[in-house]
Amino acid sequence: MAAVNGCRQSNGTTLLKGAKIAASNGHHDNRVVPCEYTGYISNDPSLTEDDPLYTFKRLGRAVYVDINLDALIHNTNLLRNQCRNKDIVTTRTDAVVAVLMLLAFVHFSSEVNKWNISHVVTQRSGVIAVLKGDAYGHGAEQVAHHLVNCRAVDRIAMATVGEALQLRRSGIKCPIHVLGNLQSWEMQTCVLNGLIPTVSSKETIDGMGQVLKNLKPKQRVVDSNSKYANAPPGAIHIKVDTGMGRNGCLPQQLPGLVQACESNAVPLEGIFTHICFHEDEEYSRHQLELYDQLIAPYKDRNIFFHSSCSGPILLDMGTNYDFIRPGVAIYGMPPIAQIDEFEAQGYRPALTIKGTPTLVKCHPKGSKVGYACTYECQEDEEWIAAFPLGFGDGFWRALGHERGCIIRDKTGERCPVVGRVSMDAITVRLPCQPDENETFTIITADFDPVTSVTGIADAMGTISNEVLIRFAPRLPRVFRNDLGHVLSIRDALG
């Protein structure tokens, strides 16, 4: 795909001009973006895809995050498949309709995405894709548009009103939930932008009721083709705390909140909870049993129910309600301790970080490298390469001193990070002088114990979620499909 110029879209992404745009199903159409873009994206007409550093030069930076959007579709299909053939706990007639024609939109030319449609058409639970934290560092706008356009999800969930507004302003029209515990003064913003707030108190319901009383007809914003998009203005979901002790009303408060919705004429669209300790099956089952008891009086109402995030879904807990709410598993990251089992199920990490050295030096024995001179060259000659990312970009400072390494793409060799990680750079010991246009993989899209997100998380004593969201916005992001075609670019301008 030849690309010469760039075009800034309304959603903040950059599409490639001068070429066909790769569609989400892997095929091309003949649209040409009819505008210019002169930001960070290079407009050098002499730049061609034959250049080994083509993408780096286009972006104007020697490091970038590469996102395979079709891997997200693949992972979402797996999560949906986890819930198929379940009798869902609802009386909503629209909730039991099979809404999945999505596989017609997934390109079957890729081996990893060859699915048997019969595995999916019996699927009943809808998918609320959790894209908070900039889609766990992947790029919320681009991920949202791809998932929605491919009909891989029914709804989206964000943590804050601001995150949700970002998606609305980028053109996302499907229902958007705000999972954070909101205040009464945030209700008007939710109503005016068609957002579905999470509510845990009577005060917030009273606030929503007041907003709806003052609502003008033209302010009733609801627009989507989704079967699940018919939430009336002001629709809320009540969250009930069944054992996490964070957000959500206490169990004994739920009847009063339902009554408050009725007295304030606030549309109650859903009641949900959150399974917080899926590693402990007994505790999780206790949460679900309590939740079932609490929602039992409302099963004859037109209400949605949902409980499970990625971990419980993979353990088949709480998958028999109207929706599932997968988060980190969409991005190919294991929410369970059994990484080998997660990988064996076919989940694929979507994120890679690529880099090329900005400077390579041959140091003599005894030379010092990095702050505080913490590394000393031991060989007569050592090739040390600098790469332009550091802890300011989300690369962990603790991965210096040969705790971390990167992959030399040409040979597959592992090259250790030496010295301290700086805010804007890492230094890497190479086995020999590299070729002029060599590329390296800094984060691998797999489950490698050292170079992957899961490997880094294990080394840092944390979870993959934290590793992902550390990757800073100043790192450019390139979004591709399984065929390697660039769908969009997000540069440092956002």
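Just so you know, glycine gets a Cβ as well, placed from its N, Cα and C.
TrEMBL entries are annotated by machine, without manual review.
So that you can see what the record holds, here are the features copied from TrEMBL:
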MOD_RES   Lys132  N6-(pyridoxal phosphate)lysine
BINDING   Arg246, Met423  substrate binding site
DOMAIN    350-480  domain 'Alanine racemase C-terminal'
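Here the features listed in TrEMBL are placed on the structure.
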residue	record	Cβ within 10 Å
Lys132	N6-(pyridoxal phosphate)lysine	19
Arg246	substrate binding site	11
Met423	substrate binding site	12
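Counting residue by residue with DSSP, the domain 'Alanine racemase C-terminal' (350-480) contains 23 helix, 46 strand, 62 coil. Confidence over the domain 'Alanine racemase C-terminal' (350-480), given as mean pLDDT on the 0 to 100 scale, stands at 97.
When the Cα atoms are compared, Met423 (substrate binding site) and Lys132 (N6-(pyridoxal phosphate)lysine) turn out to be 25 Å apart. Secondary structure at Arg246 (substrate binding site), taken from DSSP and collapsed to helix, strand or coil, is coil. The two recorded residues, the residue listed as 'N6-(pyridoxal phosphate)lysine' and Arg246 (substrate binding site), show a Cα separation of 18 Å.
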